[in-house]
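What follows is a set of notes on a single structure, which appears directly below.
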Amino acid sequence: MRQHVNPLSKNFFEIDPIPPLNQVFENPKLPLHLDIGCASGEFLFELSLKNKNWNYIGIEIREKLVLNANLKMKSRENKNLYFSFGNANNIFNQTNNKSIINLITSISFNFPDPWFKKKHHKRRVIQPKLLNLLSNSMKKGSLIFIKTDVRDLFDHMELTISESIKFKKIPYQDVDFCESFNPNRIQTNREKYVILNQLKIYESIYKKI
């Protein structure tokens, strides 16, 4: 069972800033993908090992998971992977995007916390403020991938992104997945669980315009 963490808590005002990319990646000029809500990071560990022509940053609000991921990094040869702890809004707001401005090629939100109660919808990760912050670090044509098994959350994410003038929904056939951050179509642990239990997956792709 996934443990929910309130992203609006004062505990997350202090964040782990993303340092200059030349300090964390062997080749900082590679295309950059962000996975927001990366959990334990296993998805990114596999991605980064199989796709050496991309750099990956995982952002996770649960500090223990980031600490464990960084411990694993010490025993693995992932020269194109970095983990950052904190609320994504605060990470991008406080760093002013200096380290990654106009460098993000794509972003994924995979099965984020649904926060079912209406009074908690403001805790859902995709909010107008975050989209504005992210757009400042995304190149024109950069992509946002959203995926969930919760229809209400999917509708919320779609509505929030569609209301932004900075993003446009595009059909799947317009995306060359062979050139994407995940050409092997690697699945997260949650996605494997959903498929195994024959549950429906809702997903969309948006382009920065």
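Keep in mind that glycine also has a Cβ here, set from the backbone N, Cα and C atoms.
Features as listed in Swiss-Prot:
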BINDING   Asp35, Glu60, Asn87, Asp113  S-adenosyl-L-methionine binding site
ACT_SITE  Asp113  active site
BINDING   Lys117, Asp149  substrate binding site
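Across the structure, Asp35 (S-adenosyl-L-methionine binding site) and Asp149 (substrate binding site) are spaced 17 Å apart at their Cα atoms. In this structure the alpha carbons, written CA, of Glu60 (S-adenosyl-L-methionine binding site) and Asp149 (substrate binding site) are 20 Å apart. Counting every protein chain shown, the number of other Cβ atoms lying within 10 Å of the Cβ of Asp113 (S-adenosyl-L-methionine binding site) is 20. Residue pair Asp149 (substrate binding site) / Asp113 (S-adenosyl-L-methionine binding site) shows a Cα separation of 11 Å. In three-state terms derived from DSSP, Asp113 (S-adenosyl-L-methionine binding site) belongs to neither a helical nor a strand segment and is classed as coil.
Neighbour counts of Cβ atoms within 10 Å were compared across the binding-site residues Asp35, Glu60, Asp149; the minimum falls on Asp149. Around the Cβ of Lys117 (substrate binding site), the same chain contributes no residue under 8 angstroms that is 6 or more positions distant in sequence. Summarising the environment of Asn87 (S-adenosyl-L-methionine binding site), the number of other Cβ atoms within 10 Å of its Cβ, over all protein chains shown, is 23.
Secondary structure at Asn87 (S-adenosyl-L-methionine binding site), taken from DSSP and collapsed to helix, strand or coil, is coil.
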